[in-house]
Amino acid sequence: PQKKSFHRSQTLGYKNGFAFSRLPTVGIGGERLYVNQLSQAELDELSNMRPTLTYGQAKQAPPSGFIPAHVAFDKKILKFDAYFQEDVPLSAEEHYRIRQVGIYYYLEDDSMSVIEPVVQNSGLLQGKLVRRHRVPKNDRGDHYHWKDLNRGMNITMYGRTYRIVDCDPFTQVFLESQGIELNPPEKMVFDPYTELRRMPVRKYVTPSDFDQLKQFLTYDKQVLRFYATWDDTNSMFGENRPYIIHYYLADDTVEVREVYKQNDGRDPFPILIKRQRLPKTFVDKKKTFPSCVLEISDQEVLEWYTAKDFAVGKSTTLLGRTFFIYDCDEFTRNFYREKFGITDFQPVEIKKKPLEEVPQVIPPYNGFGILEDSLQNCFSLLPKPPRKDIIKMLENHHKVLRYQVALESPNPEDRKRHFILSYFLSNDMISIYEPPVRNSGIIGGKYLGKTRVAKPGSTTENATYYEPSDLTIGSTIEVFGHRFVITDADEYVLNYMESNAESFPAATLQSLRDHFRPRQVVKVTANSDIPTLGTSKQELDELIVQVQEELKLHKCLNNKNIREAFLQCDEDGSGVLEKAKFLALCDSLNVPTDAFLVNKLIDLCSCGEDKINYHDFLRAFPS
């Protein structure tokens, strides 16, 4: 109880870099040890070495030679025949597939590999399925050993189960030498779809008495030629077409070729039926047998076509088409004369049916575009523009006849509308333009684009268009359902018709002369120096000065607008306006026509009963 030191001596140490243990020299707390210092292991070793201590060291046998595994098992491989089943989900012909493989086990390093023999045109990725390595057996880190392999067992590698059915003789001898009892071998399972498609074994048929080689050597390059027609006029778009039938005597084959003519519009496919044996009579088939098959063998055909089945003047049905033979060549006549004794080879005359002339019906005009241009769509798939009169276009280039027309309408708003009708002499087209009028509520501008206007009552077969001779003063023209009355014309119209009087009716020319005669008289009067209504020029000038002094009191008057209004109202530029129109224009411009001096000036500017020369009147409104 009085002991205070309890430390123990060190028993572990290092010597030359190696750890070793030694016995304690003192006890706990440095006390002296009185027990045996040898360990139990040393005591056991001394007890085992009693013979050696008594008789001396025994002579040991030399050690056997060491051979490593990679030398002892070099190139020694265990081979097992196996297969695995693979699902085929997207096929109506097979639901699964059997794939045969070989499992190889390498004894030198306990590695394995799986190789599938390559099958040509299989469409599968074959060859090495599992590369050579140590294949894991489970999730605990174990690997497959050759003791785990046997016949008639399943082995799973990477989620795929293989069925081992057999092994090679070396594998069998090795496993039996190691004390493994092998299971009996099983039959290899084959893929059912591959077996179904496997070619049948060729069956040899005893040759008949007919020698085909002799026929080939005798009739080689000898061909019978027949001229035939195929009448297909009963069907839609059918016709009677010529053909040439070749019969090859060397192998009893038939060929049908088409006859093409120059510029017949057909594609160059000269062969209708390629050279082959043609069946004449089939064996009685069941109703379930398909009428169209890929190949026709001797089992389905009772009789084939031969040379005696072709004759001039008879019809022959080849693959559903009936051909009428109307002639043959000279070699064919000699062959039938010598072989069959036929002497009648009178050719048959083929009469072609006359083509029915279908009258061309032109559809009614739909109103789009020019009539001649729309008519070209009925004559050609790629219509061409109608031909133009180039001489007429060159002679009448930039020659336009202008008329003033009024719209004939029951609406009161349309009665005050005025239009300018332009007739283009180069192409006989008409355009209508409406001059814009301020505060009229109607947008002016182009009313009708350049086009040819047909007369009322004209048809698409016999269309008549308006000409310059139809445009007279006071006449009415109908333009696409709208009626216009010609009220005035340009002086160029009168000059052009007078220069070409032989091309226009006398009534048209006379109506223009009667219309322009009073205007020409007014112009001569306005341009002359003779005072209006017997008044002197000096008196007119004095009156204009007095009117200007009186109008100075009316500061609201705008002389510039007054002059523009009168000039715009005078459309023909004659300088003369109607009295009612003149007074209405003065009222709209706030001109005091009730003043004495202004009323006197209007009387002095009058030329006739209802005409007023506004040039002298505008002198009172200097701009």
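Yeah, the Cβs are placed from backbone N, Cα and C, and that goes for glycine too.
As recorded in TrEMBL, the features of this protein are as follows:
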DOMAIN    74-179  domain 'DM10'
DOMAIN    220-340  domain 'DM10'
DOMAIN    397-501  domain 'DM10'
DOMAIN    557-592  domain 'EF-hand'
Using DSSP three-state counts, the residues of the domain 'EF-hand' (557-592) come to 21 helix, 3 strand, 12 coil
Helix, strand and coil residue totals from DSSP for the domain 'DM10' (397-501) stand at 17 helix, 42 strand, 46 coil
Per DSSP, the domain 'DM10' (74-179) contains 12 helix, 50 strand, 44 coil
